[in-house]
Amino acid sequence: MLPLRVGVWGAVFPCPMKILFRVITFGLNAFTLRYVSKEMIGLVNVRLTLLYSTIVFLAREAFRRACLSGSTKRNWTKTINLLWLTVPLGICWSLFLGWIWLQLLEVPDPNSVPYYKIGVVAFGLSAVVELLGEPFWVLAQAHLFIRLKVIAESLSIISKCILTVILVVLYPQWGLYIFSLAQLLYTSILVLCYVMYFMKFLGSPEATKKSFPVSRMTDLLPNLIEDQIVVDWKEARLTWSFFKQSFLKQMLTEGERYVMTFLNVLNFGDQGVYDIVNNLGSLVARFIFLPIEESFYIFFAKVLERGTDVKLQKQDDIAMAAAVLESLLKLVLLVGLSITVFGYAYSQLALDIYGGSMLSLGSGPSLLRCYSLYVLLLAVNGVTECFTFASMCKEEVDRFNFVMLALSFTFLCVSYFLTQWQGSVGFILANCFNMSIRIAHSIRYIYNYFKESSYRPLKGLLLSPSLIFVYIISGVVTVFSEVFLCCDKGWLAKLIHVTVGALCFAATLITVFFTETKLINFVRNAVPVTI
């Protein structure tokens, strides 16, 4: 039961702290919107952030997945040597992609967005700085240092937001210098948190008690062992398989930003509005679904044996994995469906409160309503792919690369044509199409994985008729409430509109409590044990 407990702990513990830090960050970002133009937001949050995320993802994602698979009992010297390869790889990607961003892409008007070249250099450099902490991050994740991850990420994000607010208020003429300095501060604090923690932890009585595999800080540096292979070739081959897949996954994850950046289908202002709505809509995905996906990927990877038939594995482990998968699917389905149903009627109000008329008028509400549906698909896909990637063998991962290649090409084509037809909403519709195909592939894999056993975890995607009925009634009632009460009829009407939604949501929760008893028991049995 230990892997399950730590998996649930990894998903549950970050939530209270993340909620606090997200609320602070949310307020700081909302304040910043009053001082920054849509064009500046579009350039920073779409083009420059895409440069940073592409470098980081391509340089480290494959290494993370390969080095977190299997048991923690391994030759950590070889694993750490392998992880340090992310730094030179990141430098190469930074130079190559930086050249593309400077020489091949459209340069913004320096009068509206000054210091573009400085921004490209700073965001590329920040990616390399973050990669310096990769061995520390993997070691912490493998040994389930959940608190360290939450605190490090939260402190770095808040520091970045505070510096941004101070500079946009005091020195708005600095332009991209502001966001460049904030980005470098973010990655520097993130890496320093991990380094300082391990400096204190290694050699301590706690580390000795846990028989921690690393005893000195120098053990976390590249170490050439005489007459021995420097890296574990099995891990290296698995990394290469995941690297081919990660390249395609990045295209799927950030596909709309690549289309915006390279095909110029939207101007920087429209990109800014799209990005704000995208960030607002993905809040739940980032601090609820992502921790679940990351934590339970580790759980499934430890419990299941890659490439081994279900019948040949420990049946207790298979039973536990199937039960956890079924409950997770039910949990994320309910959360995602609630966001879809209630998000439709409250999108305009949320944008009006967050960013004023700049967001609540125009395409903003339509974007957020579509995104509410996308969140449901994100939720289900996160859990299904979490299980799929944790149980696939190397050959299956390689075969899946071809599926991802086809999906990448299809997604780019669909997003381009839908954008021509529906504008920025077309990006979200294309993402929904892409995510649906990925879910279908993962569901097919899970079905085949368990078909020779008596377990049917995909039942977690089925809801009781009474709960479906309550969701339908709630959706209809809240839509009528929006029509008659929101959002230009004063604060009293808005308050009544919110009250109507709260009552409908309470009715939904009560129905869940009485109809989804298996999920309730799972939460009761799993969560209290870990707290």
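Any Cβ shown, glycine's included, is placed from N, Cα and C.
Sequence annotations record features per position, and here TrEMBL assigns transmembrane segment to 7-28, 40-59, 80-102, 114-138, 150-171, 177-199, 328-351, 371-393, 400-418, 424-440, 461-485, 491-514.
Of the candidate ranges 150-171, 177-199, 328-351, 400-418, 400-418 contributes the most Cβ pairs within a distance under 8 Å of the transmembrane segment (424-440). Of the Cβ pairs linking the transmembrane segment (114-138) with the transmembrane segment (328-351) and spaced 6 or more residues apart, fewer than 3 are under 8 Å, so the two regions do not touch. For the transmembrane segment (80-102), same-chain residues at least 6 beyond its ends with a Cβ under 8 Å from one of its own Cβ atoms are 47, 51, 54-56, 58-60, 63, 66-67, 117, 120-121, 124-125, 127-128, 131-132, 134-135, 138-139, 214, 219-224, 230-232, 235-236, 239.
Beyond the transmembrane segment (328-351), the same-chain residues lying 6 or more positions past its ends with a Cβ under 8 Å from any Cβ of the stretch are 277, 280-281, 284, 288-289, 292, 296, 359-360, 364-365, 368-369, 371-373, 375-380, 382-384, 457-458, 460-461, 463, 471, 474-475, 478-479, 481-482, 486-487, 494, 497-498, 501, 504-505, 508, 512, 516, 518-519, 523. Outside the transmembrane segment (371-393), and at least 6 residues removed from its termini, the chain residues within Cβ reach (under 8 Å) are 65, 69, 277-278, 281-282, 284-285, 289-290, 292-293, 296-297, 300-301, 304, 306-307, 321, 325, 328-329, 332-333, 335-337, 339-340, 343-344, 347, 400, 428, 431-432, 435-436, 438-439, 442-443, 445-446, 449, 461.
Here the transmembrane segment (461-485) has long-range neighbours at 329-330, 333-334, 337-338, 341-342, 344-346, 348-349, 380, 443, 493-494, 496-497, 500-501, 504-505, 507-508, 511-512, 515-516, meaning same-chain residues at least 6 beyond its ends whose C-beta is under 8 angstroms from one of its own. Listed as Cβ neighbours of the transmembrane segment (491-514) (distance under 8 Å, sequence separation of 6 or more from its ends, same chain) are residues 334, 338, 341-342, 345-346, 349, 466-467, 470-471, 473-474, 477-478, 481-482, 485, 520.
With a threshold of 8 Å between CB atoms, the same-chain residues lying at least 6 positions outside the transmembrane segment (40-59) that come near it are 33, 86-87, 89-90, 93-94, 97-98, 101, 105, 108, 112-113, 116, 119-120, 123-124, 126-128, 130-131, 175-176, 179, 183, 243, 246-247, 250, 253-254, 257-258, 260-261, 267-276, 279. Sequence-distant contacts of the transmembrane segment (400-418), counting only residues of its own chain at least 6 positions beyond either end whose CB sits under 8 Å from a CB of the stretch, comprise 241, 244-245, 248-249, 251-252, 255-256, 258-259, 263, 265, 392, 425-427, 429-431, 433-434, 437-438, 441.
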